[in-house]
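Peer 1: Please find one structure pasted underneath; my questions will follow.
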Amino acid sequence: MAGTGVVAVYGNGAITETKKSPFSVKVGLAQMLRGGVIMDVVNPEQARIAEEAGACAVMALERVPADIRAQGGVARMSDPQLIKEIKQSVTIPVMAKARIGHFVEAQILEAIGIDYVDESEVLTPADEENHINKHNFRIPFVCGCRNLGEALRRIREGAAMIRTKGEAGTGNVIEAVRHVRSVMGDIRLLRNMDDDEVFTFAKKIAAPYDLVMQTKQLGRLPVVQFAAGGVATPADAALMMQLGCDGVFVGSGVFKSGDPARRARAIVQAVTHYSDPDMLAEVSCGLGEAMVGINLNDKKVERFANRSE
């Protein structure tokens, strides 16, 4: 995905466009973030640090995923006042998270002028069966996935950007790698299939046939795909780009580290120069202590990625 041509948008009527905002417009807005880093922030000061480091957008939160894991309880949409304060402090786009299936939280976020909504498994799901109908909103939505079928189901619902779910708040990139390799592996298989095999494959992965065929023709997802969940170092970020992602979300990895400003700049540089080992070595030096990671082999660790299908 990284380093390929312009991301195609739907032109064949595959997705129903609402009067609120055509899907192609939302896909175009998401595409503007391609090649960038989106950073979680919990206050205006952190937002300014992220912007100065070169982030293409920030995610406004009350608690970063590492704190959500540590503190437990029910994680909900952030206070709209905090989101407004963060939005007023920067000139780059601001995202915010809504609970899976909680369309009223999404309505509130749209009403306060947020730029993108992340329907996120990091927050406690509000609906175990249904995701938000994202076609009912003007603003673009981001959704997570673990595999190609999940990605295409979210796109059918109106997601304009897909990210790996990974395991946010762990500082451990293994699940993000697993998820992007799963998506990319299925796309490689799909590209080599005869057209008459696509029906069976679409049924197997429980994805809409027209989107599966479009993915086959494009050789990639029809929307931008970012990496998320456990990215903590410049090397992690470059790894995800080399695996084919269009950009990177960084959550706890920046502001839970020893020198957030320096690490933020380094990760932005790593995403920009992801294929240059000399540059990656340079930006990886002297960053201070990385966030404390979590071993995902521990069965007691809650898997956020399993909260939805």
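Placement of Cβ uses the backbone N, Cα and C atoms for every residue, glycine included.
When I checked Swiss-Prot for this same protein, it listed these features:
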ACT_SITE  Lys97  active site, schiff-base intermediate with D-ribose 5-phosphate
BINDING   Asp40, Gly169, Gly230, Gly251, Ser252  D-ribose 5-phosphate binding site
BINDING   Arg181  D-glyceraldehyde 3-phosphate binding site
Peer 1: Looking at the recorded positions Lys97, Arg181, which sits with the largest number of other Cβ atoms within 10 Å of its Cβ?
Peer 2: Lys97
Peer 1: Please state how far apart, in Å and to a whole number, the two most distant Cα atoms are among Asp40, Gly169, Gly230, Gly251, Ser252, the recorded D-ribose 5-phosphate-binding residues.
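Peer 2: The widest Cα-Cα gap among those binding residues is 12 Å.
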Peer 1: Using Cβ-Cβ distances, find the residues under 8 Å from Asp40 (D-ribose 5-phosphate binding site) that belong to the same chain and are at least 6 apart in sequence, listing them in sequence order.
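Peer 2: Correct list: Val58, Met59, Leu61, Val64, Pro65, Phe249, Val250, Gly251, Ser252, Val254, Phe255.
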Peer 1: When the Cα of the residue listed as 'D-glyceraldehyde 3-phosphate binding site' is compared with the Cα of each of the recorded positions Lys97, Gly169, Gly230, which one is closest?
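Peer 2: Closest candidate to the residue listed as 'D-glyceraldehyde 3-phosphate binding site', judged by Cα separation, is Gly230.
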Peer 1: Determine, to the nearest whole angstrom, how far the Cα atom of Lys97 (active site, schiff-base intermediate with D-ribose 5-phosphate) is from the Cα atom of Gly169 (D-ribose 5-phosphate binding site).
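Peer 2: Each residue's Cα considered, Lys97 (active site, schiff-base intermediate with D-ribose 5-phosphate) and Gly169 (D-ribose 5-phosphate binding site) end up 15 Å apart.
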Peer 1: For a quick check of packing: other C-beta atoms within 10 Å of the C-beta of Gly169 (D-ribose 5-phosphate binding site), how many?
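Peer 2: So the number of other Cβ atoms within 10 Å of Gly169 (D-ribose 5-phosphate binding site) is 28.
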